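Residues annotated as topological domain 'Cytoplasmic' in Swiss-Prot, with a curator's inference given as evidence: 1-71, 115-124, 198-201, 272-278, 357-367, 426-462. Taken from Swiss-Prot, the feature transmembrane segment covers 72-92, 94-114, 125-145, 177-197, 202-222, 251-271, 279-299, 336-356, 368-388, 405-425, 463-483, and the record attributes it to sequence analysis. The annotation topological domain 'Extracellular' is assigned in Swiss-Prot to 146-176, 223-250, 300-335, 389-404, 484-757 on the grounds of a curator's inference. Here Swiss-Prot flags 518-713 as domain 'STAS', drawing on sequence analysis. Residues annotated as motif 'PDZ-binding' in Swiss-Prot: 754-757.
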């Protein structure tokens, strides 16, 4: 019965052990499906199920028929044009990160948008080149392509021959296709949950480090220096060394141009950010600066007068599709897996933000399929891996984009550049593209502010951020990502291996139990210790759990058990020698000349001392806290009951079960009653299946709550120390109440409680 009195509540119910609760309230068991049942469900087909699968694979079929032309079309047109112009410039700029000619960036900006239009579940993200992925692909291209020597004049008109360019394009395309295959397989197998191993802190630290890599990689274009390519660990430092060793060769025209572009882009982007509520659309500063820079470069003939590196020949139209290289697959499968996971993690996180903002569902596994098909399609046409760029998606959403129709129209803009007006960009300086690429890094570089916020919120997450950043900077993006995931998992192991165990006490003279160190006014029942473990118990932390429990109770139960068994052996020995007599009233000493000795025992004798104490041959029960005859001394303990709060223990493994049973047996053998509270039924069922229980450790030690166990302990002690009338002993009904002045228990009967154990 629950009764509310003002802002308080009074509960009158029986004291339940888990076993008693199960006897009174029968569980309902649902039908357990076998593997064959699941297989039949997967293989069965109906018209409704077929329709559901079709809508799942092609989400466009669900939202396109409901498209509101009058309300959404104009917004999507404006958004599509704006996003398309940004996509063109980002495609050209991010191609430099891949170490291939800028024209191939247009393919990466076109093809994934088409496939995502049909297969994607997000209505607002813009799929295409992303600087972090471009950098990761570029690292692989640098490592795999033979004789890769990245120079600022990277185009078909440069000193680098056509075969070298084709090899780099082949490597980038093959890596993209394999990454797409991995994403497609993960989506088909419905294991998109792998992205959960990349926490927000890890992604933030990784993308920040990738932004630093992008920044360093673009220095050679901004300064027009010939910098050897590096892809091994510490490559970023080697690139910096190469840059500064030839800094005197800097092309001043490229440097001045890139600095001006960079400053203007940063300033205008800040204006867009601060006044986004007042501006109808963000100022397309990248487009404006590109048009101005192209016009000035062409009109003043920068290429001839100052020797600047320009985009160069832009062949119109598409190139024929290619067959990926199996050799590249074999050499880059690890890198491709990292590219696939990072690409999906970034895209899904951005899509999740917009889905929450506009209240529509997204499907992680379908997103994997959409991105996988997009990358396969893009790689086949000589593009490179893509995801979603935060800045480009922000443009699509902020300019009024409602659906992926805006994305389709942005692809039309890219298509026009590819087939018709791409030649107009030939005079554009590569330093301008490098500056535009860096201009899009502001958001990622600002993530350094996360360190302070994370330190205040969670030091483990802050450490993950810092170590991820260091790993990605020092080891490179591929190895850095693997090391970061390993370190993150290690922190999880560390948290569970060394949990913050605590001793609980009663707070407020009620049924609330908290860490006694955190509160001044607490009540700790005499002879009772309440110990809480806030993590799973498994093979790695069972030893730590035992030591913390020993520290909490103040003694080692195994040592006490051995001392008592050893004392019992001495008593029997003295009895045989006639030095003491054992009577029902206790021990009678017949001599006082015995000296206690603590001789060493062999292994067999130690094993005997670990067994339960057997006093059946004695006419009375030994009080181990009383003085023993003839100076036989053993440690005295006041603890009679131990409560283990397992409400936060989600699982036990086989190794920890053995260790836990040993711990419980040691306490039980020294007459300390052990109770476990807060576990669910599955936990106890697993213990039963694993043969955890025996004659000493039974399932009667489990109680629903700490307070149930406390009341049971008090009533149990009352039974053994008090005399009751026959009706009370028969029905075992006693009355307890909460006394806010003197403690939890009051002998005056006010609240009837039925005792069950």
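Each residue's number is its place along the chain shown, starting with 1.
Just so it is clear, glycine is given a Cβ too, placed from its N, Cα and C backbone atoms.
By the count of Cβ pairs under 8 Å, the stretch nearest in packing to the transmembrane segment (368-388) among 72-92, 202-222, 251-271, 336-356, 463-483 is 336-356. By number of Cβ pairs under 8 Å, the transmembrane segment (279-299) is matched best by 405-425 from the list 125-145, 336-356, 405-425.
In the predicted model, the topological domain 'Extracellular' (300-335) has a mean pLDDT of 88. Mapped onto DSSP classes, the topological domain 'Cytoplasmic' (198-201) shows 2 helix, 0 strand, 2 coil.
Same-chain residues lying 6+ beyond the ends of the topological domain 'Cytoplasmic' (198-201) with a Cβ under 8 Å from its Cβ atoms: 341-342, 345, 349, 450, 454, 461-462, 464-465, 468, 485, 488. Relative to the transmembrane segment (463-483), the listed stretch 336-356 leads the set 94-114, 251-271, 336-356, 405-425 in CB pairs under 8 A.
Recorded stretches compared: 94-114, 177-197, 202-222; the one with the most Cβ pairs under 8 Å to the transmembrane segment (405-425) is 94-114. Outside the topological domain 'Cytoplasmic' (272-278) by six or more residues, the chain places 285, 398 with a CB less than 8 A from a CB of the stretch. Among the stretches 72-92, 94-114, 125-145, 336-356, the one making the largest number of Cβ pairs under 8 Å with the transmembrane segment (177-197) is 336-356. Residues of the same chain lying 6 or more positions beyond the ends of the topological domain 'Extracellular' (300-335) and with a Cβ under 8 Å from any Cβ of it are 92, 101-103, 107, 136, 139-140, 144, 152-153, 155-158, 170-171, 173-175, 177-178, 221, 224, 251-254, 257, 379-382, 418-420, 422-423, 425-431, 433, 478, 482. Look at the topological domain 'Cytoplasmic' (426-462): DSSP puts its residues at 30 helix, 1 strand, 6 coil. Secondary structure counts, DSSP: the topological domain 'Cytoplasmic' (115-124) has 5 helix, 0 strand, 5 coil. For the topological domain 'Cytoplasmic' (272-278), the DSSP counts in helix, strand and coil order read 3 helix, 0 strand, 4 coil. The topological domain 'Cytoplasmic' (357-367): residue composition by secondary structure is 6 helix, 0 strand, 5 coil, according to DSSP.
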